[in-house]
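Some features that TrEMBL has for this protein:
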- 35-56: transmembrane segment (TRANSMEM)
- 49-298: domain 'G-protein coupled receptors family 1 profile' (DOMAIN)
- 68-86: transmembrane segment (TRANSMEM)
- 106-128: transmembrane segment (TRANSMEM)
- 149-170: transmembrane segment (TRANSMEM)
- 209-234: transmembrane segment (TRANSMEM)
- 246-269: transmembrane segment (TRANSMEM)
- 281-300: transmembrane segment (TRANSMEM)
Amino acid sequence: MAATSTLRRLRRLRLHQKCQFKEGFSNLGQYQVCLFLLFLTTYLLTLTGNMLIILIVRYNSQLHTPMYFFITILSILDIWYIYTTVPKLLTVMVTHDTRISFQWCFAQLYLFHSLGITECNLLAAMAFDRCMAICNPLRYTTIMSVKMCRCLASVCWFCGFMTACIPITLTARVPFCGPYHLNHFFCDIAPLLRLACIEIPLTVSVNGFVGGFTALSNLAIVIIMYLGIIVAIIKIKSNTGRSKAFSTCSSHLIVVTLFYGCASSVYSSPKGSRPAASDKMLALVYTMFTPLFNPIIYSFKNKAVKEAMKNGIQKFQSEMRCIQVQVPKPLT
């Protein structure tokens with residue numbers, strides 16, 4: 001009973017405490033300014049690139065296809081993904097105020113993992129879309145109807161935000177002991193569990209199971225879809241047809257490898273058996289650089305998107321010329 005009351009008192013006390021991001025990137029001294037400019041540039045480029053993809057797809061009827069529908073969802077997801085972590089990091093680097101309340105910390109934690117799980121689900125849905133396009137080209141438009149695409153996207157978001165409730169709830173119930181110093185640049189499960197006052201084998205096991213099951217089940221779907229794609233590509237007789245079929249999947253494969261590789265490296269041991277510096281560098285890749293590279297890998301190397309961008313620029317230039325012609329010249 002005494003131990004239980006102590007744990008409850010620790011949880012109540014935590015509501016009025018603040019934790020600190022200790023040594024996020026503050027121990028790099030003279031490189032602080034360079035890092036700040038790098039992170040700010042990456043953040044702005046990510047927002048700009050993903051917003052461009054959304055606008056290009058929205059205002060070009062030729063891109064109103066299932067593949068670009070999912071790419072648009074991915075761009076929206078990446079905007080929220082980087083917005084969850086980077087603004088706070090930039091604020092800390094400018095103001096040197098590393099404090100954050102536990103309420104905001106867990107809000108950031110929940111959003112970050114919800115969006116991460118949603119992206120896992122979305123990558124599996126995109127693999128299904130590519131499989132249907134290559135394996136069933138004649139029935140593709142019937143299978144991947146607007147209703148089907150919206151249903152898949154809704155399931156990805158719903159499952160992502162619901163699944164994240166399990167590890168976040170368990171982590172929120174862990175009693176933490178001061179000083180509340182997180183050796184990270186945002187609130188994540190591994191650095192939070194390092195603050196635990198007691199042994200938490202059940203929390204670690206359940207968190208690991210939920211994360212592992214989510215990642216492996218989605219990865220299994222991706223692998224199964226690509227096995228079907230490989231079989232379909234082998235049956236294609238012309239080299240041109242094979243090359244075209246493979247080019248539609250190569251971008252997706254690169255992003256899947258990058259995302260799953262970094263995420264599995266960090267979350268394969270939730271308690272954090274590696275040095276914290278390694279976790280931070282790996283976290284940088286999938287929190288900042290993956291959302292930056294996604295629009296480049298998926299769309300800016302795509303001929304249809306580049307053609308749409310070219311037409312948009314030409315239309316904008318012609319409209320500007322019309323405005324200049326219509327503006328009356330001042331009387332002399």
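Backbone N, Cα and C define each Cβ position, glycine as well.
Heads up, TrEMBL stuff is auto-annotated, nobody curated it.
Put simply, of 106-128, 149-170, 209-234, 246-269, 281-300, the stretch with the most CB pairs closer than 8 A to the transmembrane segment (68-86) is 106-128. Away from its own ends, the transmembrane segment (209-234) comes close to residues 117, 120-121, 123-124, 127-128, 130-131, 134-135, 163, 166-167, 242, 245-246, 249, 253, 256, 260, 263-264, 267, 270 of its chain (Cβ-Cβ under 8 Å, at least six residues beyond either end). Packing against the transmembrane segment (35-56) from elsewhere in the chain are residues 25, 28, 63, 71-72, 75-76, 78-79, 82, 86-87, 89-90, 93-94, 288-289, 291-292, 294-296, 298-300, 305, 308-309, 312: each is 6 or more residues past its ends and has a CB under 8 Å from a CB in it. Tertiary proximity for the transmembrane segment (106-128) is limited to same-chain residues at least six positions away from its ends with a CB under 8 Å from its CB atoms, namely 67, 70-71, 73-74, 77, 80-81, 84-85, 88, 100, 152-153, 155-157, 159-161, 163-165, 167-168, 171-172, 186-189, 192, 214-215, 218-219, 221-222, 225-226, 252, 255-256, 259-260, 263, 286-287.
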